[in-house]
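As written in TrEMBL, here are the features:
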- 1-21: region 'Disordered' (REGION)
- 66-184: domain 'MTTase N-terminal' (DOMAIN)
- 75, 111, 145: [4Fe-4S] cluster 1 binding site (BINDING)
- 207-437: domain 'Radical SAM core' (DOMAIN)
- 221, 225, 228: [4Fe-4S] cluster 2 binding site (BINDING)
- 440-503: domain 'TRAM' (DOMAIN)
Ligand code: SAH
Ligand code: SF4
Ligand code: F3S
């Protein structure tokens, strides 16, 4: 399929005719608009893989004398999409800038996961209005997960006419064409595909760092947890072919990267969509660990698909890190059922038992939602007791936020906000207590730290992360940046460790 056919296909698949009518009262050029109905669909059609991305000849000088600025919200997936868009901007001849005032194009790469994530973006759009008034030629774009929501696009049309273009997560490879439309058009340009596109392998990437890199292994999510917007904003699960991933990791190793993180919303479902081979995350990790790169991580794991083969492979250690982020969301089987997480408290604890048996020194972290619709005190207590039982080192904790279009948003909810806030506070107290305890154990120990650079607050101090992803601040020479060094910990804080470098070491041996 070529670019034109692909676009025609997308347009045929989406309800743009209806949307164009709806949007007719606005000053807008709707190429394709988001549709929640289409985003819910999961088609049987096979994923098409492409290696045919090119910058059309006529756009090659587009960025000459112009600067771009991208602000990223949300998860690593979005951070990585920003790296791809930065790559496209550079290929178009734009220069990067880290000051909005100097930019000719500003993109907000947005996150839709909770209401407060969205409010941050609306706030920023408000701030940028003044800049847009001062510089009418400035192009202001909204992309990422919020663009995929019908309600957000409507709100932008109504209230934020300073926006020049809106495009979604499935068509970032169309950035050159969208920019071109926005330069030519006096109207707001909207091109959001509601159904996932294919996998395009050869997009340019301008990675932000030279030490750690993200590598997508799959896109989308088919889990449809009842509270979550991601399956609608990121489309169906599509795995990249193993040979493409392995080649990318080899290439990163050859460039001197020290750590890679394999990315997906539900990495444990990797490979389930392959029709010709039986190949899962365990198989992929088993191959990647043989590549000469000191550290390999992955995120995010869904407990339901975490299989024994993966545990077996992770237990081989070496460059596979001894830290697993394993979101539980709730400790109550009843709540888990309403969330459609598809595991019980007991099944989760059994998985934890297996992981701890195979990798005795493993560090587990998690995500938890409190105040789910109608969550009782007893159900919340079960979350606290599970937290202690697993003895997590850290958790990201959230108050449930209703997301329009998801099943949970339609549920009646008898839990007052005050109660939800109290529960969050109680949970956070426990999280802090266990984190501080876990950190205390490091005092006097020597840990291996991959040095990222100078500490944010003090340029005389270096900062980096241990194998278990603990932040360490320490005194050491600047030459240590980018290397793995040994640090003796002399002080533990709740969220970080302080220490002194004792020696520089060779990367972990690959078994
Ligand atoms: N794919 C990952 C999670 C991605 S979103 C997984 O399944 O684990 C990151 C976290 O945000 C989730 O784990 C969940 O704890 C939280 N989250 C997602 N939707 C939410 C909502 N509507 N309200 C509050 N928290 C939410
Ligand atoms: Fe959302 Fe659930 Fe998919 Fe995670 S697994 S992205 S929480 S639907
Ligand atoms: Fe947010 Fe989208 Fe990631 S909703 S968490 S940026 S997948």
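Backbone N, Cα and C define each Cβ position, glycine as well.
Heads up, TrEMBL stuff is auto-annotated, nobody curated it.
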* To do: Could you list the residues of the same chain, at least six apart in sequence, whose Cβ is under 8 A from the Cβ of residue 225 ([4Fe-4S] cluster 2 binding site)?
  => 329, 339, 340, 341
* Asked: Applying the rule Cβ within 8 Å of the centroid of the Cβ atoms of 221, 225, 228, what extra residues of the same chain belong around the [4Fe-4S] cluster 2 site?
  -> 223, 224, 227, 229, 230, 231, 265, 266
* Structure fact -> Of 75, 111, 221, 225, 228, the binding-site residues whose C-beta sits under 6 angstroms from any atom of ligand 2 are 221, 225, 228
* To do: Look up residue 75 ([4Fe-4S] cluster 1 binding site) in the DSSP assignment and report helix, strand or coil.
  => coil
* Counting every protein chain present, what is the number of Cβ atoms, excluding its own, within 10 Å of the Cβ of residue 145 ([4Fe-4S] cluster 1 binding site)? -> 27
* Residue with minimal Cβ packing [other Cβ atoms within 10 Å] among the binding-site residues 75, 111, 221, 228 -> 75
* Which of the three DSSP states, helix, strand or coil, fits residue 221 ([4Fe-4S] cluster 2 binding site)? -> coil
* Structure fact -> The rounded CA-CA distance in Å from residue 75 ([4Fe-4S] cluster 1 binding site) to residue 228 ([4Fe-4S] cluster 2 binding site) is 14
* Helix, strand and coil totals (DSSP H, G, I; E, B; other) for the domain 'TRAM' (440-503) -> 4 helix, 35 strand, 25 coil
* To do: Scan 111, 145, 228 for binding-site residues whose C-beta lands under 6 Å from an atom of ligand 1 and note them, or write none.
  => 228
* Sorted by sequence, non-75, 111, 145 residues with Cβ within 8 Å of centre, [4Fe-4S] cluster 1 -> 73, 74, 77, 78, 110, 112, 113, 117, 144, 230, 233
* Taking only the Cα atoms, work out how far residue 111 ([4Fe-4S] cluster 1 binding site) lies from residue 228 ([4Fe-4S] cluster 2 binding site), in Å, as a whole number. => 12
* Which binding-site residues from the set 75, 111, 145, 221, 228 come near ligand 3, judged by a Cβ under 6 Å from any of its atoms? -> 75, 111, 145
